[in-house]
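Structure record follows, encoded as structure tokens.
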Amino acid sequence: MKYISIIGSTGSIGTQTLELVRANKDLGVTALAAGSNVDLLEQQIREFHPHTAVLYDEQRAEELRLRVKDLEVQVLSGPEGLIEAASEPCCSLVVTAVVGMIGIKPTMAAIRAKKDIALANKETLVTAGHLIMPLAKEYGVSIYPVDSEHSAIFQCLQGESDRDVDSLIITASGGPFRTKTKEELKTVTLKDALKHPNWSMGKKITIDSATLVNKGLEVIEARWLFDIDFDRIKVVVQPQSIIHSMVQFQDGGVKAQLGTPDMKLPIQYALYYPERRFLPGDRLDFAALGSISFEEPPVDVLKGLSYAYDAGRTGGSMPAVLNAANEKAVALFLQEKISFTEIYDLIEDAMNAHHVIENPSLTEVLETEQWVYEFIESR
Ligand SMILES: NC(=O)C1=CN([C@@H]2O[C@H](COP(=O)(O)OP(=O)(O)OC[C@H]3O[C@@H](n4cnc5c(N)ncnc54)[C@H](OP(=O)(O)O)[C@@H]3O)[C@@H](O)[C@H]2O)C=CC1
Ligand SMILES: CC(=O)[C@@H](O)[C@H](O)COP(=O)(O)O
Ligand SMILES: [Mn+2]
């Protein structure tokens, strides 16, 4: 039996992870954590019987405590609750499926408790990769990528030697605004931005795909996961999202991982690595597909990717600035308080105003996040 904890169990990645638990009798759940969705977390507790359940929101946690008092489950709240869920003694792997920098501390706690990590929460590596990767090494913990592109690269790298790798080629769908002009982008709506062409995901990452910030975050995530320079990480638009990413080798050969757009494959690969398991679902029908195409990323219009290369190459606290400004800007866009293109303005202004801290500590990363929020609020 393999026991897992899921931080962010009520979201897109969390619920798909639980579908896999439901389908595989050798998986069990020790802890489930979410933000405020009391109804769904109650259902999940009744079905999966974790020892620990966490709602970040203390009031909702109190409501949950009353609702599940017939069960043997401890209900916790707040940042300490997330840390406890991530360090549950019986679990061997933590799925980090929470959205945003709130994932940093539970991920570090899980590593210190010697849990392997199935990492979906890319914001943690983007902002604190310089702390997370050495910590994982120190504690002998594996970090398995769940993000589809990074899982694809990880799959392509199996059986290969690092010294034979020339470059990583991350594919991008281009999002719903792939072919828009700068002028057209000014009038797009929230509804337009939430229509991802290929993937069904949480709202924040769906907006990030539309701005190309998602691809930028993924470039920085790849830099940490695969310990490779930015010059050797390339991005190509592959609008059908059939090729999930590729690795080019020194001899010119290229390996790609292909599949239908279904996150259950990368999640399952991370849960069972190095074993592959049967997974029901549609299979690719190449003849019916006819063709797959490639394009240059439209970096002059969708500026998220360029910001990320700049932030990544600058290093230090700059990726945290990019990420925090984006998290705040996307939240404002989702509340329809700013326009789509103002997401770029907020990121650019925050990055321009920031004085970089080299090799920031965790405290400095979190202070940088706070500085960005205050900077944006004071504008
Ligand atoms: N969805 C996808 O297909 C993919 C997602 N990812 C990455 O995975 C992560 C999760 O994305 P996704 O599943 O789409 O996001 P969702 O918005 O669907 O889910 C987010 C989850 O995080 C929980 N959460 C939010 N705030 C807190 C908090 N303060 N404390 C505890 N839990 C909290 C939510 O709980 P509640 O429901 O209560 O708000 C929910 O369970 C992101 O980093 C994303 O970039 C990467 C690749 C693909
Ligand atoms: C499923 C997944 O991993 C997402 O990150 C997805 O890749 C988003 O697609 P684009 O950012 O390429 O539109
Ligand atoms: Mn991805």
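Each residue, glycine too, has its Cβ placed from N, Cα and C.
Keep in mind it's a predicted model, so treat the numbers as computed, not measured.
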Which of Glu72, Glu80, Glu84, Glu218 belongs with Asp147, Glu149 in the Mn(2+) site listed by TrEMBL: Glu218
Of the candidates Ser92, Ser161, Ser167, Ser173, the one that TrEMBL places in the 1-deoxy-D-xylulose 5-phosphate site of Lys122, Ser148, Glu149, His196, Ser209, Asn214, Lys215, Glu218: Ser173
TrEMBL NADPH site partner of Thr10, Gly11, Ser12, Ile13, Gly35, Asn37, Asn121, Glu123, selected from Gly78, Gly174, Gly175, Gly202: Gly202
By Cα-Cα distance, the member of binding-site residues Thr10, Ser12, Gly35, Asn121, Asp147 nearest His196 (1-deoxy-D-xylulose 5-phosphate binding site): Ser12
Spatial neighbours of Asn214 (1-deoxy-D-xylulose 5-phosphate binding site) that are distant in sequence (at least 6 apart) but have CB under 8 A: Gly175, Ile205, Asp208, Gly304
Span of the NADPH site, taken as the largest CA to CA distance across Thr10, Gly11, Ser12, Ile13, Gly35, Asn37, Asn121, Glu123, Gly202 (Å, rounded to a whole number): 21
Residue from Thr10, Gly35, Asn121, Gly202 whose C-alpha is spatially nearest that of Glu218 (1-deoxy-D-xylulose 5-phosphate binding site), among the binding-site residues: Asn121
